[in-house]
Amino acid sequence: MKCIVGLGNIGKRFEQTKHNIGFEVIDYLLESNQFKLDKQKFRGAYTIERLGGEKVLLIEPMTMMNLSGEAVGPLMDYYNVDPEDLLVLYDDLDLPQGQVRLRQKGSAGGHNGMKSIIQHLGTDNFKRIRIGIGRPTNGMSVPDYVLQKFSKQEMETMNKVIEHSAHAVEDYVSNSRFDHVMNEYNGEVS
């Protein structure tokens, strides 16, 4: 079974913020496949469904971003999911807005949600989809920037990015060759 995790913060005030783009992709997958996060355990909202004919565990941690590993680690242990079958979707300040980068493994790159997952799993050997949100301009702090909602114009671009990322997840689940999925989906979304 593959495990797909979208990172974000819980609560209405965080909806459609830059930091919640991982949740947005999971929500897109849920809606387009008529799934619901109908279970809660270990501080995570989740469901187990069939996607592309394959069994998949979809998770949104309910821990707030910086503690994401506290939900992901125990749920993966409980369902006996190997870290190599994990794919995490999250925002990335170091990529321009509208760009998507898939990776087989790697460091947290300064992302506290990813640091927490790596710490709780004891490895960084899991797949990820980094979704570019760009860096703040005109002196805005990083925390203020990532917790800012997308503008209407930005949301037009990000809706395409969300759909693109969801298709990458679907292709990953049905295609065991992640390098093929990387070749297909890495880059700027237009």
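Note that Cβ sites are derived from N, Cα and C of the backbone, with glycine treated the same way.
Going by what Swiss-Prot states, the tRNA site holds Phe14, Met64, Asn66, and the candidate of Asn33, Asn112, Asn125 recorded there is Asn112. Its Cβ placed at the centre, Asn66 (tRNA binding site) has 14 other Cβ atoms within 10 Å. Close to Met64 (tRNA binding site) in the fold, though at least 6 residues off in sequence, lie Asn9, Ile10, each with a CB less than 8 Å from its CB. Classification of Asp91 (site 'Stabilizes the basic form of H active site to accept a proton') by DSSP places it within a strand. Within 8 Å of the centroid defined by the CB atoms of Phe14, Met64, Asn66, Asn112, the record's tRNA site, lie the Cβ atoms of Asn9, His19, Thr63, Met65, Leu67, Ser68, Gly113, excluding the listed residues themselves.
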